[in-house]
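A short write-up of the structure that comes next.
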Amino acid sequence: MDHQRLILLLFLFLPTCFSFSFQTPSNNEFSNQSCSLKQQILELANSPSTVKWMKRIRREIHEYPELAYEEFRTSAIIRRELDLLGVPYKWPVAGTGVVAKIGSGPPPFVALRADMDALPIQEMVDWEYKSKVDGKMHACAHDAHVAVLLGAAKILQEMKDLLQTTVVLIFQPAEERGTGAKDMIEEKVLEDVGAIFALHYGAEYPSGVVASRPGEFLAGCGSFKAKIHGKGGLAGVPQHCFDPVLAASTSVISLQSIVSREADPLDSQVLSVAMIHAESAHDIIPDSATFGGTYRAFSKKSFYELRKRIEEVIKGQAEVHRCSAEVELFGNEHPTIPPTTNDVRIYELVQQVSSKIVGEDNIELAPLSTGSEDFAFYLEKVPGTFILIGNQNEKSGSRYPAHSPYFFIDEDVLPIGAAIHAAFALSYHSYSTNSYSL
């Protein structure tokens, strides 16, 4: 094992830089070098010039938010900064995406991903760098995600002599649409990638806390829309009609029994009908009725079984009432996103690396969440892990959840994200070649 790889392993596995009782000079020497590596990452991430630079990038992106597949200005900012860092990249990828590479090591590569798109929300936070685009806002921290991945690029570029593999930086469009990751994968951004990592800032935890969980983490999310076709007529003579409103109503009630009577109570699932529409006349039975909603589950098996049963129940109930049904489960407006399932070994590596950056006291086991993330598409192809970094800070005004018009970033957490990205990339190769059977 070469000297640099051993230093990286010690960085990963030694709990602190001052807690060892080994007395041999070689152990003390390597321990000091391990601490030196961690210290170098933290110093680069927290240097005043780097922090100021990340804040400037985040604020520039925040002022000009762009929706899915419209991120032309954002990708131009990314390319401008990569050029200044001397990092090569490919553009366009999936329309507006950027993919950069640092290092020249052999596969398996390690990938880091940041999403770029904003939301159709009017910002209500009154501050110097408020959105200048009416009806659009970075209310889900994607501006910060881009800034910290560029921060990681800066760190890794300065430490690239220590890289044992190639780091792939994925700046992805259209996460909020739920299709960006799939489009990036189709353009082969995961070619030769052995592991992938992403983070998300949010106000669920105090600033600086890192939270995640092994295995199932975020629910898969799908939507459905059903149109029941019947035979309309006068409501006063219903015997001449095939009532689609009745068929739709019994379908809605029957759908609730899937979760309450068919699903394992310990296997959390959600099925909610959120929309129903027929005609507006009070004395006419319409020819059709439409309803729709969302379904969510944590295991892939339950998720796809739930989807199957939704269609079966709706079509069955329509037939009972002498109607027919069309069920749409793969709409472009609300695409299906699979469950986000963290790879256990990559999760362990990320937890160990994160604890070096924020300390053991700031590592938490996150609960399961019915939120969804299109990062799940990457995790279907390669092992990886998704984490949350706390952004809750009353003093900075960061206390509202994502997708709120009052969402705000505590910019003090930017160096933490950059450091964790960089530390994971630097540690992955040594970890994988010594702990995995690849």
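Cβ from N, Cα, C; glycine included.
Feature annotations, courtesy of TrEMBL:
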type	residues	note
SIGNAL	1-19	signal peptide
BINDING	CYS140, HIS142, GLU176, HIS200, HIS403	Mn(2+) binding site
DOMAIN	220-318	domain 'Peptidase M20 dimerisation'
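In sequence order, ASP115, ASP117, LEU119, HIS138, ALA139, ALA141, GLU175, ALA402 are the same-chain residues whose CB sits within 8 A of the CB centroid of CYS140, HIS142, GLU176, HIS200, HIS403, the residues recorded for Mn(2+) being left out. Residues near GLU176 (Mn(2+) binding site) in space but far in sequence (CB under 8 A, at least 6 apart, same chain), listed by position: LEU67, ALA68, ASP115, ASP117, ALA118, LEU119, CYS140. Neighbour density for HIS200 (Mn(2+) binding site): within 10 A of its CB lie 25 other CB atoms from the protein chains shown. For HIS403 (Mn(2+) binding site), other Cβ atoms within 10 Å of its Cβ number 13.
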